[in-house]
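First comes the structure, then the notes that go with it.
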Amino acid sequence: MALILDGKAVAAAYKAKIKAKVDALAARNITCGLAILLVGDDAASRIYADRLVKLATGLGVRAVVRHLPADAAEEEVLTLVRELNADGSIHGILPMMPLPPHLAADRVAAALAPDKDVDALHPLNAGLVATGKSRWAPCTPRAVMAILAHYHIDVSGKHAVIIGRSNVVGKPLAHLLLGQNATVTVCHSKTGDLAALTRQADVLIAAAGRPALIGPDMVRPGAVVIDVGINEVNGAVVGDVAYDAVLPVAAAITPVPGGVGAVTTVMVVEAALRNFGDL
Ligand SMILES: Nc1nc(=O)c2c([nH]1)NC[C@@H]1CN(c3ccc(C(=O)N[C@@H](CCC(=O)O)C(=O)O)cc3)C=[N+]21
């Protein structure tokens, strides 16, 4: 039976650090502000926004959700980004991805003030992640790395197989894993014979957004399985891994909920506080 990689335990250590920083700011009458930019109503983004508001508020960080309709014009979105860039009470901006298909995610990313860019989406920050020189990476890949570090899972020389090539998860995570000397394969919806690749993984990371994509036949016995998926199925939140079936095959596995997602949210709040330095 696999070791369960408990995201809540990893999150707890970060929450304590965040609380100390928030208290130090409060003593100087400063409140950190996080703006969440949600366009349309992607289910995973809505779950994420709800969670972030609860967590940030509980930790003493002001979180505001700026919600635009799914058919918002690009100029409307860009105007809102510029407004948040200029707003001195906002220290971090998180545009929820994916954006509706008529909007160009790269133009929204490029409009962000690089210093307020919580998810390292601006081309400057994304480029620094790709060259291994960044001060910070997107929050979900950082959460994956934090879980691996917490459980002393060394990826050096290991084969990490990522399913998903988004700018928010798959691509930056590949760079972070390469930085730790893993051998990385990135798979996606056009990959032929996915199972042949996933079965070679020492560390298998599913970030496809497809419930039960990963069954036990796709997992090498003894592999570490990291489930990044957040899917809503009949009102319940499930990942991309058929958890109960994979549990007896894997050496270690993250649950959903309570795995990567639980760490990602604390990474966002931590990122919003970054502009205040170490204190
Ligand atoms: N720019 C951008 N960056 C993202 O990282 C990003 C995004 N856009 N768009 C949406 C997806 C989704 N996502 C989640 C992260 C954490 C939880 C989360 O907190 N999950 C909890 C609770 C789930 C529940 O409510 O049961 C858990 O897994 O334990 C959910 C969803 C980040 N995403």
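In case you wondered, yes, glycine gets a Cβ from its N, Cα and C as well.
Over in TrEMBL, the protein carries these features:
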DOMAIN    5-119  domain 'Tetrahydrofolate dehydrogenase/cyclohydrolase catalytic'
DOMAIN    138-273  domain 'Tetrahydrofolate dehydrogenase/cyclohydrolase NAD(P)-binding'
BINDING   Gly164, Arg165, Ser166, Ile230  NADP(+) binding site
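Structure with TrEMBL features highlighted.
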residue : record               : contacts (Cβ under 8 Å, 6+ apart)
Gly164  : NADP(+) binding site : Gly170, Val186, Cys187, His188, Ile205, Ala206, Ala207, Ala208, Gly209, Val228
Arg165  : NADP(+) binding site : Lys171, Val186, Cys187, His188
Ser166  : NADP(+) binding site : Met97, Pro98, Ala207
Ile230  : NADP(+) binding site : Ala44, Ile47, Tyr48, Gly209, Val237, Gly239, Val256, Gly261
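The binding-site residues near ligand 1, defined by a Cβ under 6 Å from one of its atoms, are Ile230, chosen from Gly164, Arg165, Ser166, Ile230. Each residue of the domain 'Tetrahydrofolate dehydrogenase/cyclohydrolase NAD(P)-binding' (138-273) gets a DSSP state, and the totals for helix, strand and coil are 47 helix, 28 strand, 61 coil.
Residue counts for the domain 'Tetrahydrofolate dehydrogenase/cyclohydrolase catalytic' (5-119) by DSSP state, with H, G and I taken as helix and E and B as strand, are 60 helix, 19 strand, 36 coil.
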